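These features come from TrEMBL:
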type	residues	note
DOMAIN	545-975	domain 'GPI ethanolamine phosphate transferase 2 C-terminal'
TRANSMEM	21-46	transmembrane segment
TRANSMEM	500-521	transmembrane segment
TRANSMEM	542-560	transmembrane segment
TRANSMEM	572-592	transmembrane segment
TRANSMEM	652-673	transmembrane segment
TRANSMEM	680-701	transmembrane segment
TRANSMEM	721-745	transmembrane segment
TRANSMEM	800-819	transmembrane segment
TRANSMEM	826-844	transmembrane segment
TRANSMEM	872-895	transmembrane segment
TRANSMEM	916-938	transmembrane segment
TRANSMEM	958-982	transmembrane segment
Amino acid sequence: MAERRVAMDKQRRKMSPVTCSELSIWTLCAIALQIFGLSLFVFGFFPVKPALSGVSGPESYQPPGNESVDEYNVTDMSPDELRSLYLELSQVPPSYSRLILMVIDGLPAEFVLGKDGNPPSRNHVAAMPYTQSLLASGKAIGYHAKAAPPTVTMPRLKVTGIVSIAMVSGAVGGFLDIVFNFNTQAFLDDNLLDQFLRVGWQMTMFGDETWLKLFPRLFTRQDGVSSFFVKDTVQVDLNVSRHLPEELKQDDWHLLILHYLGLDHVGHVGGRKSALMAPKLREMDEVIKMVHLNNILSQGSKKGETLLLVVSDHGMTDSGNHGGSSYEETDSLALFIGPKFEAHNQALTTQDTANQVDITPTLAILFGVPIPKNNVGVLAVDCFQSLTDVQKLRALELNSWQLLRLLKAQLPRLSCRDPGSGGHTDDDWSKVSHCNGTAEERFCCLYSKAAVLHSLWKSMGSSADSGHYYNCTAAAFYEFLTAASGWLTHKVTDKPVGQLAVGIIAMLLACAILLRLLFCLRQEGYVKGNQGLSDMNIVQNWSLEEAFVVAVIIILVMSMGSSSMVEEEQYIWHFLTTTLFWILFRKTMQLLPLGDQDSLNRSRGIPRYKQVLALLVILVSGRIIRAWHQGGVNWTQLPDISKWLEQAGTRWIKAIKVLSGILITSLSLFAFSKSRLNRCFILIVQLVFLLSGCLLLQHAIKYQDKNFLASGGDATSIAQIIYGVLGIATCFIAVASAWMFPLYISVKSSSNGQSPGSQIAENQMIHLLEGLKESSYLTGWAYMLSWSLLQLLLQQPINSMPILLLLLQISASMIYFLSDRFARKTWVEVAALYFIGMAGHFGLGNTNTLATIDVAGAFIGISSHSTLLSGILMFCITYASPMLVLLSLVMYISIKDESHSRGNNATDIGLLLKAVLVMPLLVPLCINSVLLIAYTIILLQMRNHLFIWSVFSPKYLYVWAATVCVYIGVCIVAATEAYLYLVCLFRSRRLVVRTFTNKVTGANRQ
């Protein structure tokens, strides 16, 4: 035993404790290194989509490598001359001279065309009778135009949805376009609108204002409306339709864009089955009817033949959101309505499928302009029934040349010989009928096969076999086009290996630094906290809860490699969080039989039965939160509490929200009453939060229900007042609380020989710590309650009860953690809080798909569209639960008695800061760092996985956003505690000087 004690003493002497300054420097270095590594990896793994520079011109009508258009000085040509040149070179006459592009944002093709060969539902048919009559009579061609995930409307995807990238340029947007979703810039890639402008088109636009941002100074007449103000489902469309009667009479435009946002807003607010959906569909049907019945679409109209193209940028889930890759989200519409479709085969009008990018080359050929350089789409053959066979094959040839140029840019080794136009035989076809090998060899073979067959068909003239060879040639062209389009669309861009490696190494190093700091603090805590114990094994041994926390992190890391576990991550967090608190519950129950007289049975005046009640509150609240939203991604059909309440009606939802607001306001009054700060100051704080609660209840009762968010001025004004009151009150409390704690320093005669100066210094530390804890208590409650009231305003009304339950869980955790200062380690308690935050994140209905992001709440209290403000509110809504837990760390610091961690150095300020502040901040950073680097490595391993863009990449965006959330929360807590500490230190030192001066003065007088 003596030998073990000696060995332990040696180990203690070897342990050189890390100073507070060293901890701060190393932590900041690790954070900076992690940010650097994360940036390198993100921009390496999700690079900006490479694009060919310049715009297509006369060279697009020549085979790749044989361009001989130097004699054409395009810059000196007038629009009419350029249009004539394109007509001469293309050999395909334009089918139309005017285009009406009607964009119905968020309209699922299923509403118009049906699904899986079945017609639309009876309600949808009744809502759009005129559109259905056009399809039934063969006067329109409808396509299920599959949108490429992610189905986020980027800037509302760089033109309102993937519509601008996929339809206007024919290119698929990069995944990082989501990050820049709220920073719309001018679209500079080659696109149809710029091609139309070069041939002299006049264009007008009414609707989504992002068209104006992407194509500035392009439209002769325009009226833009905000695409993000989702509370507006009526006026946003009326502002478009009011221009329509007058515009249909005008003959000075070639392109008329009508972008309707109301249906997408209806979906965001009320979902697919919203009561507003059928009226909105009828409104859109009336617009289509108005345009079609106008003589502008009549064949032989003096204004020129006009094509009406009705499109949507994406579909929507049952809840009305979008952003993922499910069928409901990617099922967008492309409906061609024009006089040349009237003889079209009715059987083909509703069952065709295409990709959204196929719209670009189709429109380019229909209107006689070059296909944009970066297009990856394929011609929609059904739209060219009025062309001759020669013209149809020529159109396919032009599309093939354009894709072949794009392939050569991506595959530098691709080199196809020109098959020429000489005499070809069946042997030429047989030589290229089977195409295998590398990508270069396969594409070259497919293109050569189509070119040979085309030359062979042209040489046959009008022979009996020409029809057979025409079908073979068209099939060969489509084989090449579909293969090239598919490869270009799904090609994983080459990753800069060096950049990714440096990024991962930097994040690994940052994670190692943070974990090393945490381990050092843990070891110091064990040694200093157990100096009087004879059992020295406590330094090496881990408690059950410590081992389980580590096991939780390991399980989470292992689950990240499964797409199904990523999609249903909420089950992991709920189960493991509940299990951890059951472990703590079991440990607490084992101590109950010791009796109230045992010193271990009471800690700081907290009886064991109160600890048991606190744990029961945590467990019961957690179970209710889990049952509130438990569908995840693949099990949305499962019943849960939120669905039951929605079926019960808005009256119950509103009642629960009002009850939650009353209870949170009451809790705030009770919590503030327990503070020992200036009573007048506390009374003012209570009145301010009572006012905030009353305003929130008024907003909930009068303006907000399940389906609608009021857009009136009164509702917006009240929300803005709530923002102002909560913000000012919280900042005021954080600034003023440290000045409101009474400081008293007394110097008594000491029998142990302690000098008066030592007594003053020791008393200074005692009162400094007390002041820091009292001000942290009040500030922590202010942070938590302000955030909870804010979330009651922003969250969907159905989520009001989970917000209350989360606050109860955190409050009960604080009561439980207030006791047993030696039985549990600080890092375990902070980890338990972190787990509560993540379980609550999914309990509020969040998942790892972009479709569950709540867009509607991001516009509460905003009178006019603001990208910055709406983005901040959207972030606050999504990460409500993790941020609430991080803010609660301010109050957690106030309840922990860490005097034992300072040992005999009771006056060491550095040890005080390290004991009180560092560990609560370091634990979230470590947990997040481990999960971040683990998922980064897994994402790199899954780069060729089928679900890389639909499952793993969206999850990585959430991991990235969670990292930002942790940084923000830790910075707020650190800045708050640093300020409170400095104020308390200043006040205590000033009081020490005054006390010491009075002491000396009194001694001199005596």
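Using the three backbone atoms N, Cα and C, a Cβ is placed for every residue, glycine included.
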The transmembrane segment (652-673) vs the transmembrane segment (800-819): 3 or more CB pairs under 8 Å: yes
Beyond the flanks of the transmembrane segment (572-592) by at least 6 residues, Cβ under 8 Å: 544-545, 548-549, 552, 555-556, 559, 565, 600-601, 608-609, 611-612, 615-616, 618-619, 622-623, 625-626, 816, 823-824, 832, 835-836, 838-839, 841-843
Contact check, the transmembrane segment (800-819) vs the transmembrane segment (542-560), 3+ Cβ pairs under 8 Å, seq sep 6+: no
Spatial neighbours of the transmembrane segment (721-745) far in sequence, C-beta under 8 Å, 6+ residues away: 676-678, 681, 685, 688-689, 691-692, 695-696, 699, 760, 763-764, 767, 770-772, 774-775, 778-779, 782-783, 786, 789-790, 793, 861, 976, 979-980, 983-984, 987-988, 991-992, 995
Feature contact check the transmembrane segment (872-895) with the transmembrane segment (542-560), CB under 8 Å, 3 or more pairs: no
Same-chain residues near the transmembrane segment (500-521), Cβ under 8 Å, at least 6 residues beyond its ends: 17-18, 23, 26-27, 29-31, 33-34, 36-42, 44-45, 827, 914, 918-919, 922-923, 925-926, 929-930, 932-933, 936-937, 940
Integer mean pLDDT for the domain 'GPI ethanolamine phosphate transferase 2 C-terminal' (545-975): 82
